[in-house]
Amino acid sequence: TNFVLGNAQIVDWPIVYSNDGFCKLSGYHRAEVMQKSSTCSFMFGELTDKETIEKVQQTFENYEINSFEILMYKKNRTPVWFFVKIAPIRNEQDKVVLFLCTFSDITAFKQPIEDESSKGWGKFARLTRALTSSRGVLQQLAPTVHKGESVHKHSRLAEVLQLGSEILPQYKQEAPKTPPHIILHYCTFKTSWDWIILILTFYTAIMVPYNVSFKTKQNNVTWLVVDSIVDVIFLVDIVLNFHTTFVGPAGEVISDPKLIRMNYLKTWFVIDLLSCLPYDVINAFENVDENWNHHAVTKGISSLFSSLKVVRLLRLGRVARKLDHYIEYGAAVLVLLVCVFGLAAHWLACIWYSIGDYEVIDEELNKIRTDSWLYQLGETVGMPYHFNSSGSEKWEGGPSKDSVYIASLYFTMTSLTSIGFGNIAPTTDGEKIFAVAMMMIGSLLYATIFGNVTTIFQQMYANSNRYHEMLNCVRDFLKLYQVPKGLSERVMDYIVSTWSMSKGIDTEKVLEICPKDMRADICVHLNRKVFKEHPAFRLASDGCLRALAIEFQTTHSAPGDLIYHAGESVDNLCFVVSGSLEVIQDDEVVAILGKGDVFGDVFWKENTLAQSCVNVRALTYCDLHVIKRDALQKVLEFYTAFANSFSRNLILTYNLRKRNLVKLCYTLRQKIDR
């Protein structure tokens, strides 16, 4: 809908609001339309019918509902047929306070307009021109989509996978030129590959201690193949690391192959190489048995290589390389601490079982310890140890590996959390020594994790606590000084709304931390909407914009707040970024301001400080960007070229210095004429 609102109580029924549709349809900016007559006489022209103009005038004077088909002119003087509806709006006292005027373009349904450019055309040609012109207007009103536009966007996948900050580092803005065989360390492929390596690292951290302790893969071909594939992937990763860029100490991307190789050899190469040696393949020769002596030697070597598989835990060093990405996020730190606690419990459970399995059977005396927790577990689950007298003449049987692992993990968890139910307890010297060490480790982990958890939750609720503390202070203040209820509600509403928009962040405090150049850049960003929407700033140089941005201040207003009182000095120029405001003169609404509007005074044209003739009140929550009169004049005096452009192009939607004549004066004039 394309419409304007006019005040019925002011002389010539000035427009107090025009929507974007009307501005696009007429070609006028809102600031050019405001305070002009609702009859839209500024759009009349030589082809506008005189009788229709008279009828429009009478409709307004008699407060009637009426509609007309009238030829009017857009700002570029293009004639357009409009179907205009005029309707008076009454208040509770049945008094007409506003006029609503709606406009519809009906040029396509009217006889083609005869003007100089169409003289000599045939009737069909003129009709075609009118229809084409109407479609052009409709296309202008519709949102435009440029198919040819191609906007450069960074890979969001790589940014998410790297848990990067909100803005990519400077070196990622433009990809450096690298040799064909060199991979950028922040590209999507390398980031995805790093996450695959990270997952396999956690797999190694879990499976290696379990397999070494429980000896689950000595004769299992499936696990041997899986581990061999993992080793191959880690070998491929070593090769890729020799061809991957890295960030130098000065923040630049190093893509020289020689420097990349030297850097990798000096840092992570040895650890990566030791962690991916095929220990399982070497250990597969354990079953080679030519004679007893040779078997003993082979068994010793295989046991050595089984122990060397623990070296794979060095792959956890890869996690350390990623930790700097996680530390910024409280939730990530919490998950990381829980994973560390679970991983520590898993490792200790594997060690606890290894000690028990080593000590449950005395191989020298070929006897079993009945006080061992493994022996008691076997009796409990119905899978006891038994002596094979007819065969190997050794103790066999015992609980299953699943039951043993669950029992071991249960014991380590209860010990680490300082609970310890006592149903599984150390009995041998080795088990007691390990239990003491585990309790010391557990107390350290317990204190570290819960201390960090407390800190994380305090940080999460720090803003909330500060907010409630501030509200309590304000309530105490209002109660102490007996502030009226209505004003108290406005104060509380303003504080709550301001906090919700600013999230409790003190913008001035943040800007004070930054150096002058950075502060100017931030201010330009904060005021970017003002600079983009208003043509007065388009010719401003970069230095001029930065000088203006530093002087701008952002204010938030709640519904009902008075930004200006009648009689108050007008020393600010205000730009409406969001929300709606009303301009009131003598209890009459003379203008409604919205996003993109400007109000104040033309300081650059006036020598004296103006007094506001109206009240400006917020109708909704509003964001205003305000610049002081002295600060603006100082910038305009220094940047003279911009001052001329600013003076020509900035149009005030409402000038607070000017006063409108009320309807009473118009009524008296009518009586005098009679």
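Yeah, the Cβs are placed from backbone N, Cα and C, and that goes for glycine too.
Curation does not apply to TrEMBL; its annotations are automatic.
So that you can see what the record holds, here are the features copied from TrEMBL:
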DOMAIN    15-67  domain 'PAS'
DOMAIN    66-118  domain 'PAC'
TRANSMEM  193-212  transmembrane segment
TRANSMEM  331-355  transmembrane segment
TRANSMEM  403-421  transmembrane segment
TRANSMEM  433-457  transmembrane segment
DOMAIN    536-636  domain 'Cyclic nucleotide-binding'
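Sequence-distant contacts of the transmembrane segment (433-457), counting only residues of its own chain at least 6 positions beyond either end whose CB sits under 8 Å from a CB of the stretch, comprise 330-331, 333-334, 337-338, 340-341, 344, 348, 351-352, 355, 412, 415-418, 426. Cβ atoms under 8 Å from those of the transmembrane segment (403-421) belong to residues 210, 214, 341, 344-346, 348-350, 352-353, 356, 373-374, 377, 381, 383, 435, 438-439, 441-443, 445-446 of the same chain, restricted to positions at least 6 beyond its ends. Assigned with DSSP, the residues of the domain 'PAS' (15-67) fall into helix, strand and coil as follows: 26 helix, 7 strand, 20 coil. In this model, the domain 'PAS' (15-67) carries an average pLDDT of 91.
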